[in-house]
Amino acid sequence: MKFAVIVFPGSNCDLDMYHAVKDELGEEAEYVWHDSKDLSGYDGILLPGGFSYGDYLRCGAIAQFSGVMEEVKKAAEAGKPVLGVCNGFQILTEAGLLPGMLLRNKNLKFMCRTVGLKVENANTLFTNEYAEGQEIQVPIAHGEGNYYCDDETYENLKKNNQIVFSYADDFNGSRNQIAGIINERGNVLGMMPHPERAVSDLIGGSDGLALFKSIVKQWREANVSHA
Amino acid sequence: MKKVKVYVTLRESVLDPQGSAVMGSLHKMGYGEVEDVRIGKYMELMIEDGERNIEAMVDELCHKLLANTVIEDYRFEIEEAVSQ
């Protein structure tokens, strides 16, 4: 499986994302610059964390109009897996690929630590290697991770099982401790915690690896003939 | 040439932790009368007169980029400006 790691000016988790899929999973990965006009050669799209365009105006606000975002939308429409982590999640909400918005943490602090996450929905292409309700340990590193949406959006998210991860504790003010959501179709996931930073016990934990394994597993089942 | 003043404010339904922190500080300073603080953004745009309807254009660019209407409201004022 071949992944594109999109690099915006100001991305800083692109190397971690690349390392996770290339070195830990042994899949193909390439960096793709933000003005690229073609993502047709990739099977999965990864939007890494960081501070695209310096977080000017709002996190992800300017990145949503990067040339590559039209291609990311096309990939999402084609049903390819699209994963946005941290700033990548913020970009996906700004671009309208996921509902809601990430606000400043309620304590106004940038928070960087490992937190407990509950897998709310293990029946997605991103989480099939987890068990429903499983608690995993994944690092966060954000100042604007306070998920906000209106009541109607929240009811829809709940009804459609679009809440994929929630925090074990409320530390940033996210509505119902939401940490990650998926689109209705189930192929676009945005999450504030960093699974790509939890892919080896050597770096403090490997609970994030199953997320990438899930993507690959689903893709193989759909695309590789067993005949 | 037009000078456009754009005000972007948080929607009432959205909590403003920054505003709350500032209000707490004002209270400590002895301004207990301050009942609420909401922090927003102010932007100035200089726009050349042209074919496009400026009001429609500013509304569109506010909606598309300057404000995120999931959490923010915006309003703007258009003034005549002397080009430099």
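Just so you know, glycine gets a Cβ as well, placed from its N, Cα and C.
Per TrEMBL, active site, nucleophile is recorded for A:Cys86. Positions annotated as active site by TrEMBL: A:His194, A:Glu196.
For A:Cys86 (active site, nucleophile), applying a Cβ distance below 8 Å and a minimum sequence separation of six or more within one chain yields A:Cys13, A:Pro48, A:Gly49, A:Gly50, A:Ala141, A:His142, A:Gly145, A:Met191, A:Met192, A:Pro193, A:His194. Annotation note: A:His194 (active site) sits in a coil segment as assigned by DSSP. Residue density at A:His194 (active site): 24 other Cβ atoms are found within 10 A of its Cβ, drawing on all protein chains shown. In the three-state DSSP reading, A:Cys86 (active site, nucleophile) counts as coil. The number of other Cβ atoms within 10 Å of the Cβ belonging to A:Glu196 (active site), over all protein chains shown, comes to 29.
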